[in-house]
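Working notes, beginning with the structure itself.
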Amino acid sequence: MANINENYLKLKAGYLFPEISKRVKIYSEKNPSAKIIRLGIGDVTLPIVPSVVDAMVEASKEMGTVGGFHGYGPEQGYSFLLKSIADHDYGSLGIKIDESEIFVSDGSKCDCGNIQEIFSTDSKIAVADPVYPVYVDTNVMAGRTGEIGPDGRYSNLIYMPATKENGFQPEIPKEKADIVYLCYPNNPTGTVTTKESLKAWVEYAKKNNSIILYDSAYEAFISEPGVPRSIYEVEGAKEVAIEFRSFSKTAGFTGLRCAYIVIPKELKGRTRSGEEVSLNSLWNRRHTTKFNGVSYVTQKGAEACYSPQGKKEIQTSIAYYMANASKIRDGLKKAGYEVFGGVNAPYIWLKTSDNLSSWDFFDKLLNKAQVVGTPGSGFGPAGEGYFRLSAFGKKEDVEEAIARITSL
């Protein structure tokens, strides 16, 4: 009998979203006629926009011809998509990113989880609290976190509390972290950061030889001027930061699967003997070993997101979701809830009513309003007493959900 990776036994019982699904299933079985409105997990509801559909249809037709058939593609991504990403997502900001620094993948969740494989297992990890669970759980699996304590924190992680008192901006740790996870616009709090704050993080990383893992999956939802869209807007960030982007929420690709990661050539890691190693080369080796690339049809769809018509259609979808966010924010505020986020991100972070715990509030909304959200404590101990609602629902469902919640 083979021995197992015992680090998996250190994971908290049940990943957050399966636990939500389990509770909803139990309720549904007992109340089969109940209309449950789901504002929890961040899946999109609008269809793929016409420009993208048309591009994928044409690509599919190509695949049915001798001259247009594509088998295994380049693992890093087709050049036509890499160029579009470099030109539109970075060139438009005055940032020079080379095609060889971009790696197309099947999702930011995968990238955020897999990137830790190229770092030493004794690396010291710093995460915000609350935090997207994937950052923590994948490091638990790798054996970096130590044991979980009674307070829900792992002994070897550096936790950076993001609270109402500090504007949900995690403070730079006093100790040295080898790897720092940052996410802006933030999941779960829906808040954003400033360029000055990012400058301070870059300075910290340079001083401590740290690597920043910057999750910018929700960049397209930024609406206010002056909010940074990329950490590479900060001078010197290419020497210390890896950035993650996704088409999932931007263009509704949750069922298609396409994202990318940027690893600048300037970015280096070190061996135990002190030798510098290119992280771009290291990730390229990992990526080409474990991944066969995103399909040609999907990448042609992703390329169409950057066409003038594609951009216009996608902005219409984003505006739809952000109108939902405004409805949620305004409705909850009028009902007396303390609400954060939802301006530059599709998530609304609210204080639970009557000082209920996050899971008690979840049960209250499910049982009394038939509305499903996400308990804040599932994102970390500092999320206790908070709750996340997603703006990705249908307009009429969002309106009905808020009416139900505010009538409690």
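From the backbone N, Cα and C atoms, a Cβ is placed for every residue, glycine too.
The structure displayed is predicted, hence computed values, not measured ones.
The substrate binding site annotation in Swiss-Prot covers TYR15, GLY42, LYS109, TYR132, ASN187, ASN292, ARG388 and rests on sequence analysis. Non-local neighbourhood of LYS109 (substrate binding site): VAL134, each in the same chain, at least six residues away, with C-beta under 8 Å from its C-beta.
Less than 8 angstroms from the CB of ASN187 (substrate binding site) sit GLY42, TYR132, ASP215, ALA217, TYR218, ALA345, TYR347, each of them six or more residues away in the same chain. According to Swiss-Prot, the feature pyridoxal 5'-phosphate binding site maps to TYR72, SER108, LYS109, TYR132, ASN187, TYR218, SER246, PHE247, SER248, ARG257, ASN292.
Annotated N6-(pyridoxal phosphate)lysine per Swiss-Prot: LYS249, in sequence order. When secondary structure is read from DSSP and collapsed to three states, LYS249 (N6-(pyridoxal phosphate)lysine) falls in the helix class. Sequence-distant contacts of LYS249 (N6-(pyridoxal phosphate)lysine), defined by Cβ-Cβ distance under 8 angstroms and a gap of at least six in the same chain, are GLY42, VAL44, ALA217, TYR218, ALA220, PHE221, PRO346, PHE392.
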Using a Cβ cut-off under 8 Å and a sequence separation of 6 or more, which residues in the same chain sit near ASN292 (substrate binding site)?
TYR72, GLU75
Using only the residues recorded as binding substrate (TYR15, GLY42, LYS109, TYR132, ASN187, ASN292, ARG388), report the maximum Cα-Cα distance in Å, whole number please.
35
For the binding-site residues TYR15, TYR72, TYR132, the one whose C-beta sees the most other C-beta atoms within 10 angstroms:
TYR132
